[in-house]
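Listed in TrEMBL for this protein:
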- 1-18: signal peptide (SIGNAL)
- 29-142: domain 'Plastocyanin-like' (DOMAIN)
- 155-292: domain 'Plastocyanin-like' (DOMAIN)
- 372-509: domain 'Plastocyanin-like' (DOMAIN)
Amino acid sequence: SFWQGYVVLLALAVVVKAESPYRFFDWNVTYGDIFPLGVRQQGILINGQFPGPDIYSVTNDNLIINVQNNLDEPFLLSWNGLQQRRNSYEDGVYGTTCPIPPGKNFTYILQVKDQIGSFFYFPSLAFHKAAGGFGGIRVLSRPRIPVPFLDPAGDFTLLIGDWFKNDHRQLKAMLDGGHKLPFPDGILINGHGPNGASFTVEQGKTYRFRISNVGLQNSLNFRIQGHKMKLVEVEGTHTVQTIYESLDVHVGQSYSVLVTMDQAAQDFYIVASTRFTDNILSTTATLHYSNSNKAVSGPIPAGPTDQIDWSLNQARSIRTNLTASGPRPNPQGSYHYGLINITRTIKLVNSAAQVNGKQRYAVNSVSFVPTDTPLKLADYFKIGGVFRVGSIPDNPTGQNMYLDTSVMGVDYRAFVEIVFENHENIVQTWHIDGYAFWVVGMNGGVWTPNSREEYNLRDAVSRSTTQVYPKSWTAIYMALDNVGMWNVRSEFWARQYLGQQFYLRVYTPVNSLR
């Protein structure tokens with residue numbers, strides 16, 4: 001009847017009123033010519049832009065992102081650091097989400113539930129990440145939640161990363177052929193090569209810079225000539241506000257700094273350069289004072305090059321601001337991760353080897369191979385034979401590398417310790433989708449149970465991407481509070497593509513359509 005309908009509408013109106021705001025995005029993904037290093041390349045554009053548009057949002061916003069794939073091959077976007085609470089189908093990686101076929105669209109329905117901070121999105125399939133398709137994500141605090149610093153005069157996204165002049169298809173063909181990639185050709189800042197990007201500021205004011213390393217393999221050091229940087233946020237956690245002259249940003253990581261324009265009215269270099277490489281690649285952008293009457297000048301400020309201890313000490317100095325609010329008004333230190341009993345220890349060792357005459361990479365000897373059916377769907381619809389839970393061991397076995405679709409089963413609500421151990425002589429970076437974790441310790445050598453004595457159990461930083469230094473270990477604590485199928489991967493993109501990844505199945509028998 002009319003009145004029943006009216007009551008239903010009224011009820012719906014009440015529900016809608018209580019919901020968080022919706023933001024709608026319509027994205028058209030195409031190929032287009034780009035010239036970041038002065039050479040014409042086929043780039044991946046979003047609405048004609050390279051890099052793609054920034055996503056602006058506020059804690060708990062619903063993001064409705066319609067992606068139209070006008071490439072000639074399947075495409076997916078993933079959202080580095082967004083936790084997709086109980087929603088791993090929207091994660092946009094090969095193990096969770098059906099690729100968007102050419103000429104078709106898919107509408108992502110995301111909610112930035114209980115999150116703040118600086119993140120980025122990127123294309124996850126094939127080797128598309130080497131062609132663009134990435135962009136910044138910022139999640140602002142809700143209006144009445146206190147933020148531990150004054151509103152900046154401006155807020156800039158800086159996407160830094162190494163870059164190849166080779167087409168993404170050429171790079172993929174090299175990897176498919178069993179070869180390693182060559183050394184990159186340059187560094188980009190917001191899609192531009194040397195002196196290409198510029199940021200205009202007003203003298204005397206303070207600005208926020210959100211720096212994400214969206215590159216393919218290299219750790220980068222970031223610095224601004226004549227200016228100090230105050231670190232305020234790392235991948236969704238407000239940090240102790242330490243002052244740095246330069247910051248190591250490992251591949252896949254995001255940092256927010258405040259910079260006060262306290263110098264004479266002129267232009268200054270913004271610099272990003274590679275770390276731990278024999279050949280140092282470097283690039284610059286311009287910090288332009290609006291009342292400047294002098295172009296950039298003087299030597300480009302030098303940064304650290306191969307000093308690992310310098311980087312390790314800086315990493316240990318990055319800690320959580322326990323008195324600051326997070327996405328909710330309660331302090332970030334109110335959850336005492338250091339007092340919770342560990343229910344399981346998982347040790348993950350990366351390795352490189354030849355399998356069937358081709359270069360491969362592995363975790364605990366298992367080199368991941370994807371399946372035709374996304375693991376998330378195979379699990380939900382109980383399709384047998386796609387993967388086996390437990391196809392990757394909790395600890396290194398020392399056996400020869402082999403190929404498998406590696407899925408590790410873990411219990412919902414468990415509290416785990418994960419140790420990443422790196423026996424190789426390059427820096428590793430690891431990312432876990434769906435989660436933030438506490439980086440409780442890192443050091444050189446081999447991890448032993450005695451290493452726990454040096455853990456930071458008070459104010460370790462909570463983040464989603466951590467580095468592991470050469471011949472070193474990094475330990476994290478993680479509360480498994482987000483059901484789903486979650487990608488654990490190397491952010492060194494060729495290694496990820498050739499098997500250094502697996503899926504963590506955080507399981508509960510209760511089925512949910514989401």
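Placed from the backbone N, Cα and C atoms, the Cβ positions cover glycine too.
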Arithmetic mean of per-residue pLDDT over the domain 'Plastocyanin-like' (155-292): 98
Helix, strand and coil counts within the domain 'Plastocyanin-like' (29-142) (DSSP): 8 helix, 52 strand, 54 coil
The domain 'Plastocyanin-like' (155-292) - residue tally per DSSP class, helix then strand then coil: 9 helix, 69 strand, 60 coil
DSSP helix/strand/coil residue counts for the domain 'Plastocyanin-like' (372-509): 17 helix, 61 strand, 60 coil
